[in-house]
Amino acid sequence: MRWALLVLLAFLSPASQKSSNLEGGTKSVTRPTRSSAEITCDLTVINAFYIHWYLHQEGKAPQRLLYYDVSNSKDVLESGLSPGKYYTHTPRRWSWILILRNLIENDSGVYYCATWDR
């Protein structure tokens, strides 16, 4: 049986971070297992040095998946995550795309992007 995944994208704006300015604030993406998904984060931040990606699943604390080091064009994965599962693509200035590969049911949740100085 093929499972479909629902990925909710929410972009919050706490005082200590900058976040996406997507109209409506939340988008939904559904993809079959073993496929890929792309999540776009558009930030109008002139001095963005690090773009952080988080996953929040029901009943669990948010988990940082990775951060993208803008100056070095490099993803830094959190320990324990599979290399090649997540990576960031930057198609244009102030836009970052998180790509999730080989989706499984456990990838369902709410994904956040944020920028911090470090």
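Glycine is treated like the rest: Cβ placed from N, Cα and C.
Predicted, not measured: the structure shown is a model, and the values here were computed from it.
Straight from Swiss-Prot, the features:
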type	residues	note
SIGNAL	1-17	signal peptide
DOMAIN	18-118	domain 'Ig-like'
DISULFID	Cys41-Cys113	disulfide bond
CARBOHYD	Asn106	N-linked glycosylation site
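Features per Swiss-Prot, on structure.
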{"residue": "Cys41", "record": "disulfide bond", "Cβ within 10 Å": "25"}
{"residue": "Asn106", "record": "N-linked glycosylation site", "Cβ within 10 Å": "9"}
{"residue": "Cys113", "record": "disulfide bond", "Cβ within 10 Å": "28"}
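Mean pLDDT across the domain 'Ig-like' (18-118) comes to 86 in this model. It is 19 Å from the Cα atom of Cys113 (disulfide bond) to that of Asn106 (N-linked glycosylation site). Within the domain 'Ig-like' (18-118), the DSSP-based counts of helix, strand and coil residues read 3 helix, 53 strand, 45 coil.
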